[in-house]
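Report on one structure; see the data block that follows.
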Amino acid sequence: MFQNADEVQKYVADNDVKFIDVRFCDLPGVMQHFTIPAATFDPAEELAFDGSSIRGFQAIHESDMALRADLSTARVDPFRRDKTININFFIHDPITGEQYSRDPRNIAKKAEAYLASTGIADTAYFGPEAEFYVFDNVRFQTSANESFYHIDSEAGAWNTGAVENNRGYKVRYKGGYFPAPPVDHFADLRAEISLELDKNGLQVERQHHEVGTAGQAEINYKFNTLLAAADDLMLFKYIVKNVAWRNGKTATFMPKPIFGDNGSGMHVHQSLWQGGSPLFYDEQGYAGLSDTARYYIGGILKHAPSLLAFTNPTVNSYHRLVPGFEAPVNMVYSQRNRSAAMRIPITGSNPKAKRVEFRAPDPSSNPYLAFSALLMAGLDGVKNKIEPAEPIDKDLYELAPEEHANVQQVPTSLPAVLDALEADNEYLQAGGVFTSDLIETWIDYKRTNEIAPIQLRPHPHEFELYFDI
């Protein structure tokens, strides 16, 4: 929105802006903020904050951190009562001035710089498709003597027998793909979200009800360069959640909130360009792919077990990555084939449209880390000319057992991918994009704050299995 400090100050004065919302991303991938009066904001000055209070950042004895504005990300907040401009910031060390190695936005910025330094390409485009659910009510709690969650939706398949306010037209389990209203209860809500996205610079291409019951949705918008695409995804989540909120609903990007129905994925489309020309197209190649594209795929598939530590980084992620729910559990590539983890969309003979789609990721990921890790894996494939296994153009869910045994499968748990990341991370550290400190911090954070607490707690289903044993 702005290119320099003068533009900011002029806009603030001319448009009666009251507040500047200072935003930065924590390590797990949740946007943080604090607000200052617009009249006191100097875009050229650093702002201080306590890094020890942010997940995955600093210890208390070295907690002071500095923020520097990225003015190109400025947007007027559509949800605040008083006129407010949201600006994303980079995090720096207040003493040395160096980029903070655990700042997700800095990592994405370094990934783009590393790409240019390789000479392979100068631009990487990313187009995520983040699915989500819309609910009317959600309750959850864990304590010493109870553990439960309860979700509800007017469109939920479980509400066909509801006594009050029931006019039928519920979305069946796995039956939500494309039915027209009144079965699609949320067409107007998605339209409202789409209009808000367009106002905020995200060009919507299509929106629809997804396969799952209870309002599962997908809204696609135009791709962008790596850092900008990650910023766009954070803005997308913010708008989806807040439009749902002001309509008395609640939206979640949790990968698997409903047992027995499809989870929410985040297919990520990717392409490399050099000097304004696309690098992934070759009309002579399989599915129109160039050697560069094929090697890029080879890098992602080779490093997939460790890569998933960033693209599928939660315990809940692996409730989605199971057979039977259209999840991409087979680590192969194929054209058109949605049962493959790496799909080559049919794009005709237009070189600019040629791209690869990695279907394993989910929207619980931190997009700055996930996109950076995908790029680093792909570049490792290009640099080392890593050939993927032969493409498979048949339904991978229906393979004979002897064929299926030869197909690499996704890891089945968060502990497994963290172990893989511990063993395979050199490709991430090329050019100093990911540091060993960041990788070690990520692994420790996930093991300590997510895996261990879940392992300590009895699951409600265990009572069904074992109470009367």
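Cβ atoms are placed via backbone N, Cα and C, with glycine included.
For the Mg(2+) 1 site, Swiss-Prot gives His267, Glu357; the one candidate out of Glu129, Glu131, Glu146 that the record lists there too is Glu129.
Annotated L-glutamate binding in Swiss-Prot involves Asn262, Gly263, Arg320, Glu326, Arg338 plus, out of the candidates Arg246, Arg355, Arg359, the residue Arg359.
Summary of the site annotation: Swiss-Prot records ATP binding at Tyr221, Lys222, Phe223, His269, Gln270, Ser271, Arg338, Arg343, Lys352. Screening the candidates Glu196, Glu205, Glu283 against this entry identifies Glu205 as the one listed for that site.
The binding-site residues near Arg320 (L-glutamate binding site), taking a 10 angstroms Cα-Cα threshold over the set Glu129, Glu218, His267, Ser271, Arg343, amount to none. In sequence order, Gly127, Pro128, Gly265, Met266, Val268, His269, Arg343, Phe358, Arg359 are the residues of the same chain, not among Glu129, His267, Glu357, whose CB sits within 8 A of the CB centroid for the Mg(2+) 1 site. Closest to His267 (Mg(2+) 1 binding site) in space, going by CA atoms and restricting to the binding-site residues Glu131, Glu210, Arg359, is Arg359. Take the binding-site residues Lys222, Arg320, Arg343, Arg359: by the count of other Cβ atoms within 10 Å of each Cβ, the lowest one is Lys222. Within its own chain, His269 (ATP binding site) has Tyr125, Phe126, Gly127, Pro128, Glu129, Phe223, Pro345, Arg355, Val356, Glu357 as residues 6 or more apart in sequence whose C-beta sits under 8 angstroms from its own. Of all the binding-site residues given, namely Glu205, Glu218, the one with the smallest number of surrounding CB atoms inside 10 A is Glu205.
Nearest neighbour of Lys222 (ATP binding site) by Cα distance, taken over the recorded positions Glu131, Gly263, Arg338, Tyr397: Glu131. Within 10 Å of Arg343 (ATP binding site), counting CA to CA, the recorded positions Glu210, Arg359, Tyr397 contribute Arg359.
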